[in-house]
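Read the structure below first, then the notes.
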């Protein structure tokens with residue numbers, strides 16, 4: 001394929017150094033480099049706000065892992081307690097599992113691998129994508145690295161390990177596909193967890209269904225309001241289980257504190273052998289919901305999540321498990337319902353009501369995580385279009401997706417009545433949770449190698465300890481595959497199919513546009529072959545293509561040889577960062593001579609950015625376009641000698657499609673509105689007049705088909721499955737918030 005694709009030859013070490021070494025582009029409007037940093041939620045939170053978020057996180061993040069004491073002992077001792085010391089062995093395993101995975105791994109390590117405040121598998125994927133070009137979509141541009149939120153320090157040849165790994169990842173298609181497959185597998189399993197979480201509580205069906213309805217209806221009010229509403233309930237639940245655990249410890253057997261000695265773990269496996277290994281499938285339920293801490297990070301901040309875990313969750317659940325173990329030492333026959341049997345009689349009904357509510361609220365962690373994941377995956381071209389509503393002005397990571405909310409609600413309510421055995425649900429849940437955690441370990445290892453540049457010995461230690469522990473737990477969970485473990489695999493397979501098909505066609509469409517884009521010669525040929533008329537107004541022709549003029553323009557001119565007086569080829573591009581500052585949003589380039597008023601514009605967003613209304617978008621773009629025309633006109637008047645004197649480099653070789661930023665302040669600062677050349681002033685008036693004449697949005701109504709010589713599998717995949725998804729999810733104009741009376745659709749067939 002001969003088409004040139006823009007690439008980043010080397011990553012700048014710092015913004016100051018990049019300014020000196022990078023050549024000029026046609027546009028990256030002049031205020032861009034004035035932004036030294038971009039704000040995101042949680043970046044500069046004071047302690048008052050952090051404590052407020054910590055309180056909210058109790059109601060959103062910790063309901064899942066916090067309600068695990070309801071069923072862990074029952075899921076572990078499925079055949080009863082054979083030996084009294086087995087209680088101490090299991091308690092020791094529970095305590096050290098919580099300390100090792102949720103606390104040490106996630107709270108103190110994984111949370112710091114966030115992407116400008118956002119967490120989850122897609123955030124890790126995006127973080128790695130910035131340092132190594134592992135994206136399957138070839139739309140990377142050199143000037144993307146200059147956006148403030150990139151925070152790149154560069155992978156230098158001196159660090160041979162990181163440089164070697166970067167090259168291997170970038171050159172190996174198999175590695176790119178494998179990393180992407182792991183990403184969508186993890187995200188699919190997290191969304192599947194959102195369905196499984198509430199089912200494991202084993203409460204009355206109709207009560208559960210009623211609470212489900214209330215829970216999912218409440219989602220539309222946003223994470224902050226839901227968090228404030230649920231936090232008191234979960235906090236009360238933590239007080240109950242912590243207090244009752246302390247009471248049971250003193251009342252029944254304080255000797256269970258011996259379980260802090262890890263020797264009881266060794267004795268447990270020595271005594272039980274294979275059955276001890278199988279029982280790990282129940283023990284691992286003590287840390288279910290851990291991944292939600294990371295997936296929901298965009299709704300809060302690191303300190304808030306750490307405070308919530310350290311001050312509320314860990315003390316409460318530790319006391320709960322210890323207290324239940326003390327109770328079981330005296331009443332081993334009650335292991336099937338340890339939680340409720342161990343409640344003192346005067347407190348039974350209050351605790352029962354709060355526990356039922358907390359068990360249902362537990363699914364909030366995965367619901368919020370599912371919203372964040374779908375929002376991220378959609379903007380990166382990995383999920384069909386859905387409606388994303390931002391529910392907070394303070395924290396843009398707090399989102400609500402009606403379609404996902406409805407699907408989760410229906411699935412939860414149906415499965416409430418279908419699944420009666422919580423042991424099977426626990427088996428299913430264990431596979432999903434542990435698989436996601438192991439994938440996170442792999443990705444974090446890549447982050448350590450590529451970005452953090454941690455000592456290789458620390459990396460080996462990290463992967464050995466956490467990876468080994470997770471694989472042991474996962475092997476035990478997979479042993480129970482036939483006993484309900486197939487469910488998360490089926491859910492993940494279904495969601496992976498949707499995401500995989502959508503992204504496959506998304507990439508193929510991009511390559512089709514890139515291969516068939518209108519080159520400079522083709523544009524000249526079109527203008528010679530057709531007498532292209534100009535009509536009043538401004539036209540925005542949308543496409544995914546970031547490198548040139550899309551083929552749909554040639555199709556439009558061939559069918560209707562008229563274009564607007566000002567025509568802008570717009571590409572809305574999502575960068576692998578959460579947020580892009582509004583000052584760095586647009587890049588303009590000329591698509592023809594300045595008098596033809598043909599431009600290309602790349603509108604750059606982060607995967608968590610909120611899209612503006614179409615009219616606001618148009619007004620902002622036109623203002624920046626006028627600045628660009630002003631700068632280009634002044635630049636054209638400056639001689640090459642003056643540019644050399646001012647140390648401004650010229651463009652790369654003529655045949656290159658890569659252009660990089662420079663500042664034009666030295667050229668433009670001496671000018672004022674009063675001294676502005678007449679032709680520039682007239683040009684501005686033209687754009688203002690055309691804006692007054694109206695804006696029309698031209699959208700490609702593309703029908704994607706497999707090439708005639710494609711195999712039958714590809715034809716079914718593209719012609720049926722993809723087109724079914726496309727027709728049944730939201731259309732482009734709804735996602736872009738374009739008024740229907742300003743849309744002109746251009747039909748075209750893409751054969752991929």
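Each residue, glycine too, has its Cβ placed from N, Cα and C.
These numbers come from a predicted model, not from an experiment.
For 53-522, the entry in TrEMBL reads domain 'K+ potassium transporter integral membrane'.
Taken from TrEMBL, the feature domain 'K+ potassium transporter C-terminal' covers 536-752.
Residues or ranges marked as transmembrane segment in TrEMBL: 87-113 (among others). Only residues 6 or more beyond the boundaries of the transmembrane segment (87-113), in the same chain, are considered here, and those with a CB under 8 A from a CB of the stretch are 65, 72-73, 76-77, 81, 119, 124, 127, 256, 258-262, 264-265, 267-269, 271, 276, 279-280, 283-284, 286-287, 290-291, 293-294, 297, 302, 305-306, 309-310, 314, 317-318, 321-322, 325, 328-329, 332, 437, 440-441, 444, 447, 462, 465-466, 469-470.
TrEMBL lists 173-192 (among others) with the feature transmembrane segment.
The transmembrane segment annotation in TrEMBL covers 204-222 (among others).
Under the heading transmembrane segment, TrEMBL lists 228-250 (among others).
Residues or ranges marked as transmembrane segment in TrEMBL: 277-295 (among others).
The transmembrane segment annotation in TrEMBL covers 307-327 (among others).
Sequence annotations record features per position, and here TrEMBL assigns transmembrane segment to 347-374 (among others).
The transmembrane segment annotation in TrEMBL covers 399-419 (among others). Below 8 angstroms of C-beta separation, residues 191, 194-195, 198-199, 205, 208-209, 212-213, 216, 219-220, 222-223, 363, 367, 370-372, 374-375, 386-391, 425, 608, 729 of the same chain, each at least six residues beyond the ends of the transmembrane segment (399-419), sit close to that stretch.
What TrEMBL lists as transmembrane segment is 431-452 (among others).
TrEMBL lists 458-479 (among others) with the feature transmembrane segment. Outside the transmembrane segment (458-479) by six or more residues, the chain places 97, 100-101, 105, 109, 277-281, 283-284, 427, 430-431, 434-435, 437-438, 441-442, 444-445, 448-449, 485 with a CB less than 8 A from a CB of the stretch.
Marked as transmembrane segment by TrEMBL: 486-505 (among others).
Among the stretches 228-250, 431-452, 486-505, the one making the largest number of Cβ pairs under 8 Å with the transmembrane segment (277-295) is 431-452.
Take the transmembrane segment (228-250) and the stretches 173-192, 307-327, 347-374, 431-452, 486-505: counting Cβ pairs under 8 Å, 307-327 has the most. Summarised as a single figure, the pLDDT of the domain 'K+ potassium transporter C-terminal' (536-752) averages 77. If you count C-beta pairs under 8 angstroms between the transmembrane segment (173-192) and each of 307-327, 347-374, 431-452, 486-505, the highest count goes to 486-505. Under 8 Å from some Cβ of the transmembrane segment (307-327) lie the Cβ atoms of residues 50-51, 54-55, 57-58, 61-62, 65-66, 68-69, 72-73, 87-88, 90-91, 94-95, 98, 102-103, 107, 235, 238-239, 241-249, 251-254, 256-257, 259, 286, 293, 334, 338-339, 341-342, all in the same chain and six or more residues away from its ends. Within the same chain, residues 136, 180-181, 184-185, 187-189, 191-193, 195-196, 377, 381-384, 424-425, 428-429, 431-432, 435, 704, 717-718, 721-722, 725, 752 sit at least 6 positions outside the transmembrane segment (486-505) and bring their C-beta atoms closer than 8 Å to a C-beta of that stretch.
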